[in-house]
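Chemist: This is the structure I have questions about; it appears just below.
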Amino acid sequence: MKVALLGVGGCGTRLVDQFVRTEHRTGRSVTNGNVLAFHTESQPLSQTTALSTDQHILLGDTHPAVLRRDTNSPATDSPNSSHDPQLQSETSTTTSKQGASSNSRTREYDINEYGVGGDPDVGAQVAKAERPEIRRALDKIDETEVAATMIVAGLGGGTGAGVGSVLLEELTDIYETEVYTLGVLPADTESDQRALTAARGLRTLVPRAASTLLVDNDSWSRDRDAVADCYQSINQMTVDRLLSVFGAGEANTTFESELRIDPADISRTLAVGGVTTVGRATVEIDSNAHGLLARILRLLGRSQPSGSTPVDASKIKTLISRAVQSKLTLPCEITSADRVLLILSGPPDTISRKGFETGRYLLEEETQTVEVLAGDEPIQNTTELTATVVLANVTSVPQIDELQRRAVPTEDAVTTTSGPSTTTEQTATTDEMNTQTVEPSADADSTSAEFDFTNAETASETTDSTEQ
Amino acid sequence: MKLATIGVGNAGSKLIDQMIEFEFETGRNLCRHALVINTARTDLAKPQQLDEDRRVLIGDTHQKARGHGVGGDAKIGAEVAQTDIDEIRRVFDDVEIHEVDAVLVAAGLGGGTGSGAAPVVIDELQKMYDEPVYGLGVLPGTYEGGRPALNAARSLQSFVNKVDNFIAFDNDAWRSRGQTIEQGYEEMNEELATRIVTLLAAGEVDESEVGENAMDSSDIMRTLDTGGVSSIGYASTDVTPAKEGLLANFKEVDDSQSESTDAAKIKGLVRRATNSRLTVPCDVSSADRALIVFAGPPDVISRKGVESAREWLEQEADTVDVLAGDDPRPDSSTLAAVVLLSNVTDTPRINEIQDQAVDAQNKIQEQDAVREEEIQSLITDDDNDLDPIV
Ligand SMILES: Nc1nc2c(ncn2[C@@H]2O[C@H](COP(=O)(O)OP(=O)(O)OP(=O)(O)O)[C@@H](O)[C@H]2O)c(=O)[nH]1
Ligand SMILES: Nc1nc2c(ncn2[C@@H]2O[C@H](COP(=O)(O)OP(=O)(O)O)[C@@H](O)[C@H]2O)c(=O)[nH]1
Ligand SMILES: [Mg+2]
Ligand SMILES: [Mg+2]
């Protein structure tokens with residue numbers, strides 16, 4: 001399925017960049033270059049390696065609350081340099097702390113001042129104010145070339161959730177095709193403000209998106225103190241799974257698939273809306289039995305229907321079972337799934353009919369839904385068999401409950417301590433927001449600065465997505 | 001018989017393709033016209049025996065299909081066929097319907113395109129032509145799960161109501177150990193093509209050569225005239241070409257003894273065909289009418305054998321309506337017997353699919369009923385305190 005990807009915020013930018021890089025490396029083609037990255041801060045955009053500058057859309061130049069990292073070089077960061085840098089810093093800090101109530105000061109490390117400073121309401125204002133600019137950028141996407149569009153964003157981010165929400169509104173208005181969201185949920189160690197933003201983001205995005213695929217940073221970060229250190233591996237896991245799903249049926253192969261995954265299979269699975277999660281498992285196959293020899297025998301017409309040796313039926317069933325029991329992008333109660341999609345990819349002559357069928361049936365039993373679509377994807381030159389399972393509209397998700405539990409007191413604190421100027425009623429006028437002055441501090445823990453793009457390429461090879 | 005054939009959806013198209021390949025390999029001439037219809041551009045490229053202009057993409061302007069398939073949604077399959085019916089009719093304009101005896105529409109009933117679109121196409125054909133329209137439908141296996149069973153149960157109803165006869169093929173009956181998915185479908189399609197073509201291609205031999213024992217197209221059509229669901233059995237045996245082989249010599253030596261062994265062989269063959277895997281398992285005695293085609297060198301088809309085989313089948317099928325005849329193929333090195341059991345009413349697999357479908361339908365309705373509410377409650381905190389962003 002061809003999909004246009006629109007990264008929003010630091011997280012979204014990194015994810016789409018990684019996606020395109022992985023497309024190049026694996027030869028899979030999902031986006032056809034239909035990729036954009038929107039941000040209110042320039043640095044994460046400039047750190048991308050697979051996107052060209054005309055795919056970078058820097059927003060917020062006209063918004064007084066948006067703080068630029070390097071105000072001395074407006075030419076690179078901001079084509080519109082006429083406004084007062086001092087004003088920017090003052091206002092941004094004011095609003096950025098809206099969610100960071102006094103009881104969570106210690107967790108503020110994960111938000112820096114730049115861009116919208118973590119404030120989704122400012123993010124939304126920026127995007128609304130710059131709709132023309134956003135529309136112009138969207139002209140670079142060829143809607144006729146893709147079957148769907150996906151907004152990719154960290155839902156705890158001010159830009160991700162704020163700009164993402166407005167962008168989704170815009171896209172669902174102008175596009176006939178489906179618009180999905182891929183959202184990253186903040187970890188438990190991230191600030192309450194992140195939790196609040198994400199919980200509000202879900203309320204905004206889920207009802208409007210055709211489906212919202214979620215990745216839970218908490219379940220996927222190993223070191224509980226430094227989620228940012230895990231971005232690279234989480235992003236690779238995310239990209240690998242997205243490619244397994246949307247790349248199915250897009251590979252150029254001379255082998256015909258008997259039960260090909262059509263774009264309609266994917267969109268029908270996701271059509272129920274709600275929240276979607278993805279599992280995956282891989283198994284090495286014995287390359288001798290299935291490789292050259294088997295192929296030569298087939299060419300010679302020697303392999304009897306029962307003579308060639310597909311991977312054991314039970315091995316395939318186990319693989320499918322492992323995929324649905326694996327650590328999902330967002331852990332959930334799997335029986336709450338509404339629809340399920342199974343993609344089995346590997347060398348075409350290895351997929352046992354019986355294993356495939358019993359595995360699919362097992363999914364029906366384990367997820368307790370009869371809406372299970374399944375397909376195979378023949379891939380040449382691989383010694384791996386991969387099962388990817390999409391669970392659409394899962395409704396029992398502990399991590400979402402947890403985010404809401406943290407968000408409610410945070411929002412209460414915000415509304416009681418900071419008054420009306422900090423909430424959704426905020427307007428974009430300078431006067432109203434210029435109420436407090438806090439020194440902007442260059443945040444050394446800035447997540448984007450820490451992220452090492454050059455390592456991502458090599459490290460990605462070792463990322464294993466078949467935990468458990 | 002001469003047929004116009006239409007494959008709808010992935011399975012249906014592959015079946016028509018396989019039928020053409022088989023008739024080509026065996027020097028038969030059954031499918032005078034062939035057409036495949038699909039909602040997925042990629043699946044439409046699969047058949048190898050059809051020209052480009054014999055492939056019809058439907059639903060490419062439909063918002064949910066757009067040339068990408070229908071995702072197993074038979075409702076959309078039916079919808080797009082309805083919308084694009086003019087296009088389908090236009091391709092059918094080329095068909096000189098008077099040159100064929102009947103139309104055959106093939107589809108897999110577990111998917112969305114075949115199960116949804118084929119009944120719409122059949123409706124149209126029945127309106128356009130007086131010729132009978134037969135259905136050839138693949139029933140999904142148990143392990144394909146609830147949704148395919150539901151699609152199949154619904155589609156089967158439409159098919160049987162609309163066609164003059166529905167020939168069923170049960171994917172479950174044709175599993176064998178150690179198959180890959182690819183081999184599985186390939187084998188099944190070959191088996192099915194062999195049966196259907198051997199049966200329906202009978203009656204097409206040169207009039208001058210036809211003996212009184214030759215099967216006629218009208219015999220086959222009469223047998224299919226019952227409506228309902230039919231099943232096909234098949235068995236074959238190697239025979240040495242008559243002119244040079246052992247049999248010819250043997251015959252000269254002792255004609256009468258050879259005659260009786262041949263007769264026993266013929267009856268054994270029919271018995272094997274009937275008791276072997278039928279395209280859809282059924283209680284043979286529930287058949288309304290039956291017919292046997294013997295395809296092979298005429299001189300190995302013993303008249304006595306044919307008659308005793310026919311009588312045996314009369315007993316088995318518990319009907320007096322049993323026809324038997326030859327499809328003389330002088331150069332063939334095999335003798336095949338195809339048994340058509342028309343309007344069989346006791347088919348356990350169809351009952352199973354219907355049960356599976358009812359369960360599936362209930363589950364789907366339950367899910368539909370709570371969907372929006374569950375999504376709302378997932379994204380809303382307990383006291384509904386959180387505001388959306390926009
Ligand atoms: N998995 C993953 N999560 C990320 C990544 N970058 C940020 N996040 C998460 O996304 C949320 C913050 O989103 P960002 O995209 O950094 O923020 P933003 O939208 O750019 O805007 P600000 O909130 O102003 O920084 C936090 O929950 C982070 O943990 C990433 O590369 N990978
Ligand atoms: N016998 C047989 N069955 C098939 C084949 N391909 C698909 N099926 C079955 O057909 C059903 C799916 O229908 P399909 O034609 O693929 O979907 P459609 O294109 O949406 O109509 C399932 O029950 C499959 O098991 C095939 O080549 N042979
Ligand atoms: Mg359920
Ligand atoms: Mg299909």
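Counting begins at 1 with the first residue displayed.
Note that Cβ sites are derived from N, Cα and C of the backbone, with glycine treated the same way.
Summarising the annotation, TrEMBL assigns domain 'Tubulin/FtsZ GTPase' to B:2-207. The GTP binding site annotation in TrEMBL covers B:Gly112, B:Thr113, B:Gly114, B:Glu144, B:Asn171, B:Asn189.
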Chemist: If one looks at the chain holding B:Asn189 (GTP binding site), which residues at least 6 apart in sequence have a CB under 8 angstroms from its CB?
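Modeler: In sequence order, B:Lys14, B:Leu15, B:Gln18 meet the Cβ cut-off.
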Chemist: Taking the domain 'Tubulin/FtsZ GTPase' (B:2-207) alone, what is its mean pLDDT?
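Modeler: For the domain 'Tubulin/FtsZ GTPase' (B:2-207), the model's average pLDDT rounds to 94.
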Chemist: Where does B:Asn189 (GTP binding site) sit in DSSP terms: helix, strand, or coil?
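Modeler: Looking at the DSSP assignment, B:Asn189 (GTP binding site) belongs to a helix.
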Chemist: Just how many other Cβ atoms lie inside 10 Å of the Cβ on B:Thr113 (GTP binding site)?
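Modeler: Here the count is 36.
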Chemist: Please give the greatest C-alpha separation between any two of the GTP-binding residues B:Gly112, B:Thr113, B:Gly114, B:Glu144, B:Asn171, B:Asn189, in angstrom, as a whole number.
Modeler: 19
Chemist: For B:Glu144 (GTP binding site), just count the other CB atoms lying within 10 A of its CB, please.
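Modeler: For B:Glu144 (GTP binding site), the count of other Cβ atoms within 10 Å is 25.
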Chemist: If we take B:Thr113, B:Gly114, B:Glu144, B:Asn171, B:Asn189 as the binding-site residues, which have a Cβ under 8 Å from chain A?
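Modeler: Cβ contacts with chain A under 8 Å: B:Glu144.
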Chemist: So what sits near B:Gly114 (GTP binding site) in its own chain, CB-to-CB under 8 Å and at least six residues off in sequence?
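Modeler: Those within reach of B:Gly114 (GTP binding site), by Cβ under 8 Å and sequence separation of 6 or more, are B:Val8, B:Gly9, B:Asn10, B:Ala11, B:Gly12, B:Gly77, B:Ala106, B:Ala107, B:Gly108, B:Val138, B:Ser155.
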Chemist: Could you tally the C-beta atoms, other than its own, that fall within 10 angstroms of the C-beta of B:Asn171 (GTP binding site)?
Modeler: 25
